[in-house]
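Copied over from TrEMBL, here are the features:
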- 1-15: compositional bias 'Basic and acidic residues' (COMPBIAS)
- 1-62: region 'Disordered' (REGION)
- 21-31: compositional bias 'Polar residues' (COMPBIAS)
- 44-55: compositional bias 'Low complexity' (COMPBIAS)
- 134-178: domain 'RING-type' (DOMAIN)
Ligand SMILES: [Zn+2]
Ligand SMILES: [Zn+2]
């Protein structure tokens, strides 16, 4: 069966996601989410002041919940259209966000670097396919002239700027393919440097074996 992604020579984010060893990938939609986002209170919740203490610098539980609510609204809007693959994609993101909210953001990836978010490129309409949609909200880019514009991540996935920025403020990866982007988090950068050094060391060892064999 040909899918949207086959027709548009894009990497299918749903297939790509399954390749990654993502602990959230296999979990099903958490019906308890409705508990956190009662329909009548969604607006007042999202406009309520942050509960973050003035001294804390990282994202707080409310940031994860608010983004889960935003994605939940996309999902609800889409319900009658029945794009099951996209609904499952959103369900997995919502489940991840609620898990992260439960762990106060300690278990997930760090936020993307502030400079990375600031310097996200603008993708002009001419570079977009005619019926291409934002991976997060599933709305056609051509029908959204009034929005803040379209951007792309280094993995080349396209998003509405207003859909991807709140995600990047909480995660330094692409929500579709999980490719990592830079972070300001010192712990994440330290681990990344260590992994790179280990890789170079392993490569140097292979070179040596080759030279003396
Ligand atoms: Zn969008
Ligand atoms: Zn991607």
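Glycine is treated like the rest: Cβ placed from N, Cα and C.
Please treat TrEMBL annotations as automatic predictions, because they have not gone through curation.
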## Note on the structure
The average per-residue pLDDT within the domain 'RING-type' (134-178) comes out at 92
### Query
Can you tell me how the residues of the domain 'RING-type' (134-178) break down into helix, strand and coil by DSSP?
11 helix, 8 strand, 26 coil
